[in-house]
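Just below is one structure, and these are the notes that go with it.
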Amino acid sequence: MKLVNIWLLLLVVLLCGKKHLGDRLGKKAFEKAPCPSCSHLTLKVEFSSTVVEYEYIVAFNGYFTAKARNSFISSALKSSEVDNWRIIPRNNPSSDYPSDFEVIQIKEKQKAGLLTLEDHPNIKRVTPQRKVFRSLKFAESDPIVPCNETRWSQKWQSSRPLKRASLSLGSGFWHATGRHSSRRLLRAIPRQVAQTLQADVLWQMGYTGANVRVAVFDTGLSEKHPHFKNVKERTNWTNERTLDDGLGHGTFVAGVIASMRECQGFAPDAELHIFRVFTNNQVSYTSWFLDAFNYAILKKIDVLNLSIGGPDFMDHPFVDKVWELTANNVIMVSAIGNDGPLYGTLNNPADQMDVIGVGGIDFEDNIARFSSRGMTTWELPGGYGRVKPDIVTYGAGVRGSGVKGGCRALSGTSVASPVVAGAVTLLVSTVQKRELVNPASVKQALIASARRLPGVNMFEQGHGKLDLLRAYQILSSYKPQASLSPSYIDLTECPYMWPYCSQPIYYGGMPTIVNVTILNGMGVTGRIVDKPEWRPYLPQNGDNIEVAFSYSSVLWPWSGYLAISISVTKKAASWEGIAQGHIMITVASPAETELKNGAEHTSTVKLPIKVKIIPTPPRSKRVLWDQYHNLRYPPGYFPRDNLRMKNDPLDWNGDHVHTNFRDMYQHLRSMGYFVEVLGAPFTCFDATQYGTLLMVDSEEEYFPEEIAKLRRDVDNGLSLVVFSDWYNTSVMRKVKFYDENTRQWWMPDTGGANVPALNELLSVWNMGFSDGLYEGEFALANHDMYYASGCSIARFPEDGVVITQTFKDQGLEVLKQETAVVDNVPILGLYQIPAEGGGRIVLYGDSNCLDDSHRQKDCFWLLDALLQYTSYGVTPPSLSHSGNRQRPPSGAGLAPPERMEGNHLHRYSKVLEAHLGDPKPRPLPACPHLSWAKPQPLNETAPSNLWKHQKLLSIDLDKVVLPNFRSNRPQVRPLSPGESGAWDIPGGIMPGRYNQEVGQTIPVFAFLGAMVALAFFVVQISKAKSRPKRRRPRAKRPQLAQQAHPARTPSV
């Protein structure tokens, strides 16, 4: 009987302990297991950067020894009579190698020494040194669930306040997936991300990341961490004398990539190169990154994970060095940012063409709320942004290594980035011909294999969700070639092709610009042969559209752009229908072995185009958005429009109708308006085509020719709607940045809007805004409204309509911390030009109610009412009968706001030029002129389905078969190119792919069932042996055995 009890006890222990057996390995340092509520943490990552006073990065045209660099700088500064300068020593592993930059400290006020340095023939550029701050804070995903465990209770503090400033991965994860209903499901089932993406299939084939060098740029790693067996090198690039990770973020990232136990990474046998680039106080410098990047090139790193980023895509030393890294065959993977769900919030370097930018999803395949959205804003105002992120993967509730062992779960795109980096490392180890692996070929494989998520547009998901096995199939038979991203243009496909699909095109409209990225897997450099060719399909009315091209003269590194402008021909002005055609481009790259005959590799790519054309809408329904006069960070300090939002000090989202004014655009489209974007001066549009010019949050100055033309346009029937923002020089001085460490001031270049410039534009109609700054809630026409840091109307014609409200004086609050209420603040004015056929003008003092960035209450209804007024001359009854109508202010006795003395707007303005004294306008630039491509018509039928799952041209998936291996997992069947399977269905299941959770659950249930059956068998036998013998027929004993084993035939 004792033996039976021991057996039962062992079974119970076995059954209860099996689940946690793996999790206990390597946890001897901890006495207590983590409590359940500690298993999922939200990681708040916030960045800020400042310019270090008197310190500059001197970039050279090549790599030189320290002695040569010193000689160049000394000779350059001799003639400038600057004596107070020195080269700042950099003690790190790259000090013994030649470098392409130097950090100097030069104290001068006139900048003569800097100008002299830039004139030296061996010096490429001189830029300020930047100090980067990162703040990490780990918080519970669900604050309702208590946690008594002390292991993860530490709150990480930065040397600076927790806020997002100039360089940022986001505003933190206050809006992370922990607030989603689906997020709570993840608590019960901790996910192993590597197995979820089926990395174990490749492991069992013998691929584990061996012989692949992967670099982790983060907070370091402890020397004897139990999760890692192949840490090749740890280097420190900070001013602290330690290589260990004092925070845990670097350990987590490394674990997702290469942990070998517990929370397994993707490539446990990869060579880990740990670059410690952040101190325990989360401080770093641009020069630390540059030195570390140079060392990564020297070490021939294959894959580099960079879970940092920020909006400053004009930080030239950093951007240039990233280009150099990828040109040296380093595959860089970077987080796209944590500023979602707002659009136009992509972070650098993930927004670069040569970098794999990664967004985040949860385990239910929903786009994570925190994941930043496209488009890129580099190209504004004259162009249009590119598609980013490239792909998305799991970034919510991902498990990774703890700082001393064990596992924890974190969320963020800084978590999704190492998921892709680990997957790429594993993929690279599967490629037999390593010479075919480069940043372009890997990116081509990832985006061509990605599984598209249903109901999500391309600026949220890029090309779709990472599919590891499909990417393996593509890479295993890859041949060097060029490809396009996106691979087709279908302006009728919603929602994936939003915003293009949201509005048809028509004759007379601004050309629709599609920015396509060219990926060149044939070589680091390339070119487009001849010119792209436009081939319209005549049966599909392709001759009703015309296209123009702008493209990179050189494709470097590994990539370039192809901007396509699409317009409607005059003959289709009254036509409605679908038009199709395609573009052919040929890309050439030099052969790897340069032959005397100059042989090149070439690849020809076809880009299908499909558009919907409608008759030109009436003038009253056409709204023109002024993009040309919107400025943003980078490069200048343009402050936020709502001064209450102290954690977001910069206006950096592009102020475009497809970024932070997306909701307003969607509303206007739903109301039947057609919105076009003007990326050129006012002299470059035909005002007779449009009913209303919409100017919102304008920071730019105006050319004199623009002012004169706009006056003529309004007199001839164009209407003008202006949404302004605050402008007060005293407040601007108050909101400037001061960094205690660097003693550096950041002074705003303008206010929320450039009110002095707007007043010059409006002065011809006796209108203008004041420098008052007001805030408050109010009701207008039975609508609740909020005035967020707006200005008031200072002057308005007497025969106009003016609406007033009672507000708090926010300017007084900011300057003196005093509270005052001001009555009859004029905020809205409506005016009809008295001349026959004249237009109408509307002024409103606040744009925050239209802006998605920090909008509290929208005013879309008001915009509707104002457009009804400007388009049809109908004054809304809700405004004409308002009890808040007052006599228009005359502006008597009020001095108009003046530009702040000493501002640097001319540095970033397209209108002003640098000049001593008052700034002067530049010469008026010529209007953009498009050269339409000569069509080469095709008398053939266009393909019916432009998007099949993206295929690289040289790959025949019929021949791609996963090798056999011993496994209970079903064989993954390759999909043939012509097969109509789930690959062509958004959100479909892979052919031959089974449900991962079910696959992992079946062996557990089988084991439990076997144990229960065994226990039952032992108990029954024990009872039978210990029971007193009774007289009964021997024939019944087999029946007892049959009851115990109904599936067996008992033996007598």
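Any Cβ shown, glycine's included, is placed from N, Cα and C.
So that you can see what the record holds, here are the features copied from Swiss-Prot:
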- N148: N-linked glycosylation site (CARBOHYD)
- S168: phosphoserine (MOD_RES)
- 190-472: domain 'Peptidase S8' (DOMAIN)
- D218: active site, charge relay system (ACT_SITE)
- N236: N-linked glycosylation site (CARBOHYD)
- H249: active site, charge relay system (ACT_SITE)
- N305: N-linked glycosylation site (CARBOHYD)
- S414: active site, charge relay system (ACT_SITE)
- N515: N-linked glycosylation site (CARBOHYD)
- N728: N-linked glycosylation site (CARBOHYD)
- 877-887: compositional bias 'Polar residues' (COMPBIAS)
- N939: N-linked glycosylation site (CARBOHYD)
- 1000-1022: transmembrane segment (TRANSMEM)
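Feature annotations (Swiss-Prot) mapped to structure.
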residue : record                           : Cβ within 10 Å
D218    : active site, charge relay system : 27
N236    : N-linked glycosylation site      : 21
H249    : active site, charge relay system : 27
N305    : N-linked glycosylation site      : 31
S414    : active site, charge relay system : 31
N515    : N-linked glycosylation site      : 20
N728    : N-linked glycosylation site      : 24
N939    : N-linked glycosylation site      : 7
In three-state DSSP terms, the structure that D218 (active site, charge relay system) belongs to: strand
Shortest C-alpha distance to S414 (active site, charge relay system) - which of the recorded positions N236, H249, N515: H249
Candidates N236, N305, N515, N728, N939 (glycosylation sites) with Cα within 10 Å of H249 (active site, charge relay system): none
Nearest of the recorded positions (D218, N236, N515, N939) to N728 (N-linked glycosylation site) - Cα to Cα: N515
Euclidean distance between Cα atoms of N515 (N-linked glycosylation site) and N939 (N-linked glycosylation site), Å: 28
Per DSSP, three-state class assigned to N939 (N-linked glycosylation site): coil
Residue from D218, N305, N515 whose C-alpha is spatially nearest that of N236 (N-linked glycosylation site), among the recorded positions: D218
Averaged pLDDT score, the domain 'Peptidase S8' (190-472): 94
Spatial separation of N305 (N-linked glycosylation site) from D218 (active site, charge relay system) - C-alpha basis, Å: 9
